[in-house]
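Enquirer: Before I ask anything, here is the structure I am working with.
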């Protein structure tokens, strides 16, 4: 892979603190530096350096340092995005294990390698545009309570890929043995699993239906999507209506819902994940410990997670969403374009439309 330009992005800590009111955020002049380089045809190495004058930890989920086949970069060819064939994982930012964070002392660096051909088909070869953007939750000092976040956007780079070599890279996701597509996979969803998921789908259907109505005329649309455009309202309402319809199709929907980790992508702290390219949603063990219904606030319940995961699925509504941010405090800081493509903004709006 040849780089046409250097790829060095300095990331400043955004004044986004998840544990504080939005109008009373702690300020900081510290930051992070990320460098991405080629180490093979489609392999890349990311190096992140703590440029602050104090210790910090960053959440590795959905970053370059996530071991799972999550979306680490965006790839485009001939002006169109290359489809992403990996997973989108959902976690509760207020309930994460210590091992989900990577600590860095001042001046310390950490690096990770990954192969972009594991989650995208690059067998056509030729010239590709690579770029990345997102939000990295940060813990300042000891502990695991997220206190701020890094918002970053990299420069676009051009790379030349050997298509034949890229075609030899094995997909990061194992094949799962599945029956013909059904809404609920009865091989993994049995007994209490099936009953709990059926109730969650009913809850999610209610969330999505009320959100569709609120999207058309509600007064909190600007809060979550940073626009009041009638056309955007209509589009968001259409996504919610499609989600509600999917929730009401337990035996003939557009996705397959699994109650056990058939793709082996669960780990501690992960609640559920979606594989858009396979129209599959999978619940991880922590999902089954969530409350069935939450009546106020924005804490996740089983139905909330269903809305989040279904927002990812392009088989339900195109285009599917991604994960720029999680939780109310992060999500309401996104700009309109980011918010409209972020799964948790839809789940949060649905909660706001249904709860006290």
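Here the Cβ of each residue, glycine as well, is placed from N, Cα and C on the backbone.
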Enquirer: Per Swiss-Prot, what member of 301, 323 joins 308, 312 in binding Zn(2+) at one site?
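Expert: Among the candidates, Swiss-Prot records only 323 at this Zn(2+) site.
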Enquirer: Of these binding-site residues, 308, 312, which scores lowest on Cβ atoms within 10 Å?
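Expert: Looking at the binding-site residues 308, 312, the Cβ with the fewest others within 10 Å is that of 312.
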Enquirer: I need the most crowded of these recorded positions: 309, 323. Count other C-beta atoms within 10 angstroms of each C-beta and give me the top one.
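Expert: The residue with the densest Cβ neighbourhood is 309.
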Enquirer: If you take the centroid of the Cβ atoms of 308, 312, 323, the listed Zn(2+) site, which other residues of that chain have their Cβ within 8 Å of it?
Expert: 88, 90, 274, 309, 311, 321, 322, 342, 343, 344, 347
Enquirer: How many Å separate the Cα atoms of residue 312 (Zn(2+) binding site) and residue 189 (disulfide bond)?
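Expert: Residue 312 (Zn(2+) binding site) to residue 189 (disulfide bond), Cα-Cα distance: 21 Å.
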